[in-house]
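Novice: Can you read through this structure? Questions will come right after.
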Amino acid sequence: MSKTTFIIIAVIIILLLLALLGFLFYWRHRYRHTPTPPSSGPPVTPATPASITKAMQSGWGTIENQGNCLTATSNPGANTSIELQTCINPSSDNSSQQWKMTGNNSFISKLDPNGTYCLDVDGTASVGSSDQIHFWQCQQQDTTKMGWTPKITTNNPLNYQLVNNKTTSACLDASPGINKQPILQTCGANTTASQQWVFKPISS
């Protein structure tokens, strides 16, 4: 074999090897399996005070704190008490635990659907007063003690504080516990469990 022939064969072999390596590189990157990342589910749309208020005004629902429900103890009337009680299954008659927000941000009970009496603060509604919650004849101004504004809590986008419109530093508070009247208390931190409320619409 001449030297020239040997060089030609060597060059051909090198070119074939380079072509093979190029093909393998292409195949590896073209057809390698890329694992599909697990789905985290649809994104949660952050609630806003406006969206919460709209939901409360759109229909009846329960107002809950740590699995217990705001409850009218009897047919609403002047000074009728409102307590935090164990939630009743919606398949049963839980009208005493169903609420709706009026156009001026007051809460009425399904036991009084015409809205004669509203959820009210018994007392001056001053910060730190620990005034109890009860029913009183509805007023027309949303700046009264009967007006409430939801405030989003950063630690849980589904829960919120209910701030009293007369004194915007006081919130609806369930700290007295089960079968007791909630109170108006100074709004605490976002992690204050007794002030974490959620409105759950009742399907008609």
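Cβ from N, Cα, C; glycine included.
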Novice: Need the cross-check against Swiss-Prot: the disulphide partner of C118, picked from C87, C138.
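Specialist: Recorded partner, per Swiss-Prot: C138.
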Novice: Could you tell me which of C87, C171 is bonded to C187 by a disulfide, according to Swiss-Prot?
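Specialist: According to Swiss-Prot, the disulfide partner of C187 among C87, C171 is C171.
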Novice: Using DSSP, what is the helix/strand/coil residue split across the domain 'Ricin B-type lectin' (52-200)?
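Specialist: When I sort the residues of the domain 'Ricin B-type lectin' (52-200) into the three classes, I find 13 helix, 61 strand, 75 coil.
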Novice: Report the member of C69, C87, C138, C171, C187 (the disulfide-bonded residues) whose C-beta atom has the most other C-beta atoms within 10 angstroms.
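Specialist: Most Cβ neighbours within 10 Å: C171.
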Novice: What is the number of other Cβ atoms found within 10 Å of the Cβ of N79 (N-linked glycosylation site)?
Specialist: 10
Novice: Quick one: pull the CA-CA distance for N114 (N-linked glycosylation site) versus N190 (N-linked glycosylation site), whole Å only.
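Specialist: Cα of N114 (N-linked glycosylation site) to Cα of N190 (N-linked glycosylation site) measures 34 Å after rounding.
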Novice: Measuring Cα to Cα, how many Å separate C118 (disulfide bond) from N165 (N-linked glycosylation site)?
Specialist: 14
Novice: Measure from the Cβ of N190 (N-linked glycosylation site) and count the other Cβ atoms within 10 Å, all protein chains considered.
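Specialist: That number is 16.
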